[in-house]
Structure formats: structure tokens, C-alpha cells
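> Take a look at what Swiss-Prot says about it:
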- 93: active site, proton acceptor (ACT_SITE)
- 93, 94, 95, 96, 97, 147, 190, 217: substrate binding site (BINDING)
- 248-254: region 'RNA binding' (REGION)
- 267: active site, nucleophile (ACT_SITE)
- 305, 307, 310, 336: Zn(2+) binding site (BINDING)
């Protein structure tokens, strides 16, 4: 393990890259998918189960944790790693995205954002300085600077104004973060779908200097084609020798397309949220376990999968426990989905290292186009 934060790039194939992010709590193999532990837990999963899926790092949510149980309480109890029993790296978001999503419950100024809690209506203020303090109290390994993320579509003037505010907040975040060996601060590029604004944002962030860089403001309603158009150029504005993180993505084909365009890290609630609602990701696309076609099917969700749900249980059983609203349904389907997402990441890492990413991508899309296996 490294005592400092660093990033080693091991191989590339086209724009796709593979390497390792080194932290005092262990390495993160890239490209990496980060399961989301919103309130200090990946819903329906034990920490050791999350690790067993192949995850090297989790994401925690500053907004939710600052409200309940509070960052100060987590700090008194030994920090987020001890609190949730996860001894690997943790990345925390800044809270900005969730606060900006509150719409009528928040007020935006140059200083920061004041908002009302969705839990009890209490009033709070989140600024770049307060966000850095909260993430320090949590003990995050990777800290995200505070930013504003406008929903798309939005007009150019609104996007430009928002991006420049985020860049001023990035400078304040950098200053408030200070020098913390072993911990990293990532800047967040904004600019919507405007190439020149993305470049301006990247230049502003590079002039400040960060340990890694995120592409923010995507997967917020613009659609996959527009997102990929932006990713065709945006990662190229960022330093080659630093990790690149696409926030809030996503679906399996979004993940593969992002890695193809030079992204190293991603996060999304999709695999865990979908598991709780009966949506299952497999090599042959998405299936809905509540459908009656699975009622008498003795086969696993995916015959090539080695997760506990596929090794030990039939579609018929998983259909039954889902329809019966048994808690084990959420546990098994979430485990399967997270395992599948990590298998995608491992497949891409191996393909990039071997110079066969294009062939791997073609096989990935062919499998999904094939569709789920026919019912018995």
C-alpha cells in the first residue's frame, strides 16, 4: 500500500486506459466502478459482500451523511470507514448535486447554498469550505470539490454562469482542503454540452491543480448520444497522468462507451436500486424477475455468472421471493447486479491490457443484442 495518493497508468488501447490508483487504504484498479453507499451502506449488502463482488472503492454521500447521522457524529465514532466497517478507499461527493436537486427548497448565492432538509425541514448552509470540512470529518480518501450542476437542457448563458461559479468554488475548495497527505481532492469540470466551455473549465481546474479530475454535468437528461459526443472531446482537456471520473454513470453500455472515450472511474446507484425493484442485468441484457415467464424456470439468471444468486438459486426461486417481498430478494438481486458490473470492469481491464478492447466491446454489444434466453 502507498502512503500517498498516486495514479499509475499501465496500458492504453485507443483512448481506453487501465491502471491503478494508489491510496493508503489500498489500490483501486481502473477502469473502476464505485458502488454507491448513500447513507453509509450499499443498500441490501454487507460490506464484505460488496468487496466479494470485486469492488475496490465505495462512494459515500455528503448531503445525506451531513443530515443523518451528521459528520460530527461519524467523526466521534472513528470516521466513516470504521462506522460502516469498510477498510478500503471511500470517495465522497461534495453534496452539491443533491442540494441543487432540491429546487424550491434551496437558495444559491456566491457564498454557497442554503437549503431545507428533506428529512425534517431544518435549515442548513453548504459552502465549499463546509463541504471540505464535512468530508474531512468523514475521513474520505477521495474528496470532491463543491460545485453546481445545472440540469440539461439549459441555455448557454446559464451553463456558462454556473460553470464559472463552480470554478470559483473549486479554488475555494482547494484552499480549504489544504495539504492532507494520503488524501486526494478532485476538481469537477462543468460546461454542459458546450465544447469551448468545457475547455475553459478544464483550463481553470488545471491552473489550480488537483489530484484527479471529474467530468460533471452529464447523465442529467441529455441522453446517451449527446453524452458520448461530449466525452469524445472532454477527457482530452484533462491531464493524462491523473484519474478521470465520470459522475453518476450508469448503465452498462454507458460505462463501456465512457471507458472507450478515456474515463477511468464511474459510480451509479443503478445496480443496487434495480436489484431492489427486480431489474436484473445480464450478458444478454436486462430482465424483469417479476415477470411470470420465470415462475417455473430452474435455470440461473445468467449461466456464466459466478455470483451467489446464480450459483445457488433458480429464476423460479428469485421470482418467488421477489413477488413475496422477501428481503432476501433485494440481497441476492443486488449482489448479482453489482457482481455483473464488476465483471464488466474486469473484462475491460484485461482487454485494454491485452490490446483487444475493440473485440471485447464488439462481443459485449453482441451479447446484449442477443437478448435474454428463451423461456422453457
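Start at 1 and count along the chain as shown; that gives each residue its number.
Using the three backbone atoms N, Cα and C, a Cβ is placed for every residue, glycine included.
Owing to the predicted nature of the structure, the values given are computational and were not obtained by experimental measurement.
Would you situate these features in the structure and describe their surroundings?
Neighbour list (residue 93 (active site, proton acceptor), Cβ cut-off 8 Å, at least 6 residues apart, same chain): 59, 60, 61, 62, 63, 144, 247. Reduced to three states, the DSSP call for residue 93 (active site, proton acceptor) is coil.
Cβ-based neighbour count (10 Å, all protein chains) for residue 95 (substrate binding site) stands at 26.
Here the region 'RNA binding' (248-254) has Cβ contacts under 8 Å with residues 97, 218-220, 224, 227, 266-268, 270, 281, 340-341, 344, 364-365, 368 of the same chain, all six or more residues outside its ends.
Taken residue by residue with DSSP, residue 267 (active site, nucleophile) is part of a strand. Non-local neighbourhood of residue 267 (active site, nucleophile): 33, 34, 35, 36, 59, 91, 247, 248, 249, each in the same chain, at least six residues away, with C-beta under 8 Å from its C-beta.
In the three-state DSSP scheme, residue 307 (Zn(2+) binding site) is classed as coil.
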> What are the DSSP helix, strand and coil residue counts for the region 'RNA binding' (248-254)?
3 helix, 0 strand, 4 coil
> If you count the C-beta atoms lying within 10 Å of each candidate's C-beta, which of the binding-site residues 305, 307 ends up with the smallest number?
305
> Within 10 Å of the Cβ of residue 96 (substrate binding site), how many other Cβ atoms are there?
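Excluding its own Cβ, residue 96 (substrate binding site) sees 25 Cβ atoms within 10 Å.
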> What is the Cβ neighbour count of residue 217 (substrate binding site) at a 10 Å cut-off, with all protein chains included?
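Its Cβ has 32 other Cβ atoms within 10 Å.
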> Kindly assign residue 336 (Zn(2+) binding site) to one of the three DSSP-derived states: helix, strand or coil.
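Note: residue 336 (Zn(2+) binding site) is helical by DSSP.
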